[in-house]
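Look at TrEMBL and you will find 45-65 tagged as transmembrane segment. Annotation source TrEMBL lists region 'Disordered' at 115-149. Here TrEMBL flags 124-133 as compositional bias 'Pro residues'. Annotation source TrEMBL lists active site, proton donor at Glu310, Glu550. If you look up TrEMBL, you'll see Asp443, Glu578 marked as active site. What TrEMBL lists as disulfide bond is Cys507-Cys536. The Ca(2+) binding site annotation in TrEMBL covers Thr667.
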Amino acid sequence: MYSPQRKDFVSLTLGDQHSRSYTNGKHRRQSCWRKWKQLSRLQHSLILFLLAFLFICGILSYPSLTEQWRGLSDRSLKEDWVELDNRGLRPIPPGLVPKLPPVVPGVQDVPPEVMPETQRPSIPLLPKPPAMRKPPSKRGPPALQKRGNVSDWQVKDGEEAMVKREEDGGKEAKTVIRFGLITINWRGTMIEAEQGTELQSTAHGKEGTVADAEEAADLKPVTVKAVDRAEAVREAFRHAWKGYKAFAWGHDELKPISKTHGEWFGLGLTLIDALDTMWILGLKDEFAEARKWVETELSFSKNVDVNLFESTIRILGGLLSTYHLTGDTLFLDKAKDIGFRLMPAFKTPSKIPYSDVNIGKGTAHPPRWTTDSTVAEVTSIQLEFRELSRLTQDPQYQNAVEEVTKQVHRLEGKRDGLVPMFINTNSGKFTRRGAFTLGARADSYYEYLLKQWLQGGKKETELLEDYLQAIEGVKKNLLRQTSPGKLTFVGELSNGRLNPKMDHLVCFLPGTLALGAHNGLPADHMDLAVQLVETCHQMYAQMETGLSPEIAHFNLQSNNGRDIDVKPADRHNLLRPETVESLFYMYRFTKDSKYRDWGWDILQSFNKYTRVPSGGYTSIGNVRDTLNPAPRDKMESFFLGETLKYLFLLFSDDNELISLDKYVFNTEAHPLPIWPSTS
């Protein structure tokens with residue numbers, strides 16, 4: 001008999017009421033996949049069909065769910081507005097415009113930085129209903145939160161701004177304008193400013209219900225006054241002056257982005273250029289502090305080279321103009337000083353002046369690289385020196401510049417009244433013949449022919465003859481039309497070949513033509529002026545920033561559907577005045593409001609793409625790029641001396657403010673009196 005089989009091991013089981021079984025997820029997934037694989041094709045199809053059916057049913061049921069949620073949201077919104085109504089904050093029914101206090105002229109479309117600090121209100125906005133309010137995404141004040149790729153200094157410069165107060169029946173009426181975001185590019189220049197939406201008339205909107213009309217019986221539509229554009233120019237000037245005063249006081253030019261200054265002559269060029277602008281704009285406080293600087297700080301006893309032309313039109317012209325407007329002999333004394341110091345430039349073998357003068361040493365010389373002067377430089381100083389002689393009774397100034405005029409009048413090398421760009425100071429003859437332009441180096445020669453004739457009381461017939469002949473030469477040799485838009489432009493002639501390019505500088509011509517027609521010259525001059533000023537307007541309107549390039553190229557054949565092309569090297573804008581100058585003349589003589597509208601568009605573009613928040617305006621490098629117009633960090637003195645002055649005069653309703661029958665503007669926009677008749 002065999003004994004029972006012995007076991008070689010002991011089985012031991014340990015239990016714990018708190019123990020949890022361990023499940024291997026990977027193993028479980030593998031098991032599920034094995035089970036799915038074990039199903040038949042029919043079973044697979046049934047399961048997939050069921051899932052698809054459930055998905056389609058879910059989509060079909062979504063609109064009803066949406067309506068349910070929308071109803072909840074609407075009820076919540078209605079409750080919120082009822083709560084506001086109970087607090088006296090009644091919503092405006094659709095299609096109705098509330099009766100507002102009178103809109104103060106000069107406030108709409110004006111960036112908030114131009115508003116005086118004391119006039120910025122702290123009136124809270126109505127809160128959004130809770131159902132519409134977005135939860136904050138970042139900590140800190142909303143104005144300092146980053147938005148996408150925009151830096152944290154892309155801020156709201158005043159969500160609301162009170163712009164003016166008016167006395168109305170003994171009560172103070174306040175007008176509030178809301179402004180949108182002011183976007184600043186990485187270099188520090190404002191490149192975008194979205195303006196607030198203007199109120200629309202109920203005639204252009206949907207009609208409100210009867211209940212809405214009864215509820216809003218006291219909210220009657222009112223007429224909104226037009227913007228006071230002249231006041232907007234004043235605010236632009238104050239903003240530019242703010243930057244100059246803070247960062248460049250007493251220096252030649254402001255660098256608004258780097259918040260410093262640049263020197264050319266070291267004579268406070270911007271300040272002197274802006275003197276008569278401040279007087280014309282009625283900025284008494286700014287003028288008073290500038291006058292004090294002229295009295296106590298301005299000295300021409302400096303060992304420094306200055307350009308004869310630039311110092312004549314800006315400094316001498318600015319001082320003479322300010323003297324005539326104010327009657328203050330301080331400015332006449334300073335004009336005498338600088339005028340006398342510029343006279344060594346005329347000590348040349350030909351009497352054609354050198355381009356540069358050392359006003360401290362009393363010496364003069366041509367540019368370092370040539371013995372030539374440009375024709376524009378030597379023929380665009382006559383208005384100022386002639387006026388200085390009239391005021392001082394010293395004929396040396398007038399004699400010097402009229403000798404230049406006489407020589408140029410009889411020189412050979414002209415083409416139908418058009419002059420070459422250069423003249424030699426030793427021989428007194430034109431050089432580099434064959435190139436003719438109304439742009440740089442020749443432009444103001446033509447302007448001063450007409451204006452000297454006007455200044456002298458229309459007696460110097462040789463000046464008038466030269467001017468009329470030159471305009472005929474422009475028509476014959478330089479005038480062309482583009483395709484497809486038929487824009488009339490003034491090209492350049494080089495060795496008999498037309499180059500279809502036009503400097504922005506040429507946009508002085510429409511205004512000059514209109515001025516001549518106003519003074520009895522042929523009527524077709526005005527017709528040409530109308531055509532050319534349209535072209536100058538298009539040089540702005542067809543650019544993405546609304547600002548003109550320095551040079552435009554025009555298409556004579558419709559090869560790309562565009563009338564105007566701009567080469568990369570010509571895309572900069574220097575805040576130049578020539579187009580707004582012509583707009584001013586055209587409006588004065590025609591009263592056509594479109595010229596004001598075009599000027600307003602230009603001012604808005606300056607504010608949008610060139611205005612620097614800390615003060616000042618900057619030239620830009622690319623008028624085709626709205627995202628980065630490439631600010632150049634320089635505010636030329638002529639922006640205050642010319643551009644803003646002409647804009648203000650364009651928008652002013654006072655035709656006697658610098659009457660064109662009593663004054664003639666020099667090429668730096670400084671008005672000088674037309675001489676009284678002695679006959």
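Placed from the backbone N, Cα and C atoms, the Cβ positions cover glycine too.
Quantities reported herein were computed from a predicted structural model and do not represent experimental measurements.
Taking only the Cα positions, the spacing between Cys507 (disulfide bond) and Glu310 (active site, proton donor) is 19 angstrom. When Cβ atoms from all protein chains are considered, those within 10 Å of Cys536 (disulfide bond) total 28, not counting its own. Rounded to a whole number, the distance between the Cα atoms of Asp443 (active site) and Glu550 (active site, proton donor) is 14 Å.
Calculated from their C-alpha atoms, the gap between Cys536 (disulfide bond) and Glu310 (active site, proton donor) amounts to 25 Å.
Between the CA atoms of Asp443 (active site) and Glu310 (active site, proton donor) there is a gap of 14 Å.
On its own chain, Thr667 (Ca(2+) binding site) has Ile313, Ser380, Ser444, Glu447, Tyr448, Phe508 as residues at least 6 apart in sequence with a Cβ closer than 8 Å to its own Cβ. Distance from the CA of Glu578 (active site) to the CA of Glu310 (active site, proton donor) is 16 Å.
Residues within less than 8 Å, Cβ to Cβ, of Glu578 (active site) and separated from it by at least 6 positions along the same chain comprise His504, Leu505, Val506, Cys507, Phe508, Cys536.
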